[in-house]
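Per TrEMBL, the features are as follows:
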| type | residues | note |
| --- | --- | --- |
| COMPBIAS | 480-495 | compositional bias 'Basic and acidic residues' |
| COMPBIAS | 509-534 | compositional bias 'Basic residues' |
| COMPBIAS | 535-545 | compositional bias 'Low complexity' |
| COMPBIAS | 548-557 | compositional bias 'Basic and acidic residues' |
| DOMAIN | 100-162 | domain 'J' |
| REGION | 480-558 | region 'Disordered' |
| TRANSMEM | 15-35 | transmembrane segment |
| TRANSMEM | 73-90 | transmembrane segment |
| TRANSMEM | 187-210 | transmembrane segment |
| TRANSMEM | 563-584 | transmembrane segment |
Amino acid sequence: MAGMRFQYDESGSTFFYFLTSFLGLVLLPCTFYFWPDGTKEEERDNCEVFQRKQARLKKPEKWKGLRKTTQRILIIIGWALMAILVYKLQQFDYEYANFDPYDILGVSMSSSLADIKKAYRKQSLIYHPDKPTGDERKFMRLNKAYRALTDEDAKRNFDRYGNPDGPGAMHFGIALPSWIVEKENSLWVLGLYGLVFMIALPTVVAIWWYRSSKFSNDQVLLDTTQLYYYFFHKTPHMVFKRALMVLAASLEFEKGHNPEIVERPTDNIELPQLIKQLPNLGEKNKERPLCFAYSMKARSLLHAHLSRMRLPADTLDQDRLYIVKCCPILIQEMVTCVAQLIMLAHAGRISRLPSLDTIEACMKLSPHIVQALWDSKNPLLQLPHVTEDSLRHFVSKRRPVKTIEQLIALPATERRHVLRSLSEEEFNEVMIVCRRMPKIEMEVNYEVVDDDDSGVFTAGAIVTVTVNLRRHTMGEVYEHSLQEGELTKVEGGQEKEEEPAATTVAKKSGWKPKTQPKKGGKSKAKAQPQKKKQQQQQQQQQQQQHSNKKEEEGQEKSKKHKIGLFLLPFFLFSIAFWIMVNIYSKF
């Protein structure tokens, strides 16, 4: 290969192969990641809470709809270009594989040499490159067909190998069109290279570096992270409201660091009115930046969110939704900062050790902001139509209800009795929300890896703790009790009609039957706990079966996903291999 010369592609077919393979390798992953997955929308509920939430989620964010539309248009254009290139390649392959000199010259197989020369002269006047109607590729093909019928060596090669040039020999070339190195186009090519590699690429890298240098790995401002370190080191023992105050001071809520923050003239009127309604806001605190205007606004909106206060829909409520959306990432960063300070304190790098109450207060921020409740409030207030006044119906000597899980675990009749102050429509909305509430199951396993008896822990042993979390909905876990409630609603009317006539007469007359002395009271008292135990066992069995089904479905989905990811590289490699085989088979 010492004296081998590489030539640029004259006909352009090799360049089309290269362009098709490159475009295919780009389009396939882009289509897989950016094209909508086509998942079906969830069934719509009649609950007003979910309707408001779905309307808010479906509302497109700024530039989000335009970005998705642009991505889809670019993908469609890319696949259209891919189809055009494949069609061009088929035309090249067809012309190469179906080389018929008689068909090209337009003569029959019994034509004489004079007729062949006459047809060649006639078509050469049309396709010669110097003519206005000239076509260099067709003229070369015409010349090749003429040699195959007039030259003895070329004719012999065509009869034996199907090619007037003889057996095809493999040669190497550059899969770029020859016009790139032509002298007339050299200035444009150099200008394009300079524009891409000297201006566009450095600009993109500089913008990316300038933006990424301000943020941590979790896309939190580094200035905010330093702020967290300062306050957690200053206050090693931090209570919940102090942690909430530090969270509201995050620089993501300040317009100078975040251009998405909106400052309105109405804030000067609405915010002072809101601050007057909020007790224990800490507005007299003079610590910087806790006393800044942006921090006071964020703190007021978080207090109003936890107190479930109604805000103006077009102004403060929009700001509240944005602040709540940013909180999960910021709370995670707060927990990370406290954990790192604890490690530094144990290593002797800092003098103050943050207490466990501090990290617990930071962790409590996330569930309370998600639930929109203070830590001292009843979790039942998350449900629609449940107010402070209606909580008294949930407390009874027989069975006090303090959580949503206890409410949904009740029998249907008792559940309706607890919510007797609600109408039928309001009761249905409460049950819809209860079905959607999450139920978390946690399994913790301890073991010593690489030990004969992994369950025995000795001093200095490295213990591996494995935590498995499974998330279900209350409707899935307590499906049996909810179905019983629906059946009792359907059968309730029939039971009332089947009431004996004697009892109805007795009720009208006011007569009460004599109560017989209770016999076997102990046996009845014993029978009731047994029934309760049997019901609890049935519920546990149903929960176990349901969790097993979910695990099997999750395993099947994960297997399918892994198989798809495993086969994708082989699919791309097979496409590239097929294109290269077609390129080399041509030569």
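Cβ atoms are placed via backbone N, Cα and C, with glycine included.
Residues of the same chain lying 6 or more positions beyond the ends of the transmembrane segment (187-210) and with a Cβ under 8 Å from any Cβ of it are 180. For the transmembrane segment (73-90), same-chain residues at least 6 beyond its ends with a Cβ under 8 Å from one of its own Cβ atoms are 13, 16-17, 19-20, 23-24, 26-27, 30-31, 34-35, 582.
Across the residues of the domain 'J' (100-162), the predicted structure has a mean pLDDT of 80. When DSSP labels each residue, the domain 'J' (100-162) comes out as 45 helix, 0 strand, 18 coil, counted as helix, strand and coil in that order.
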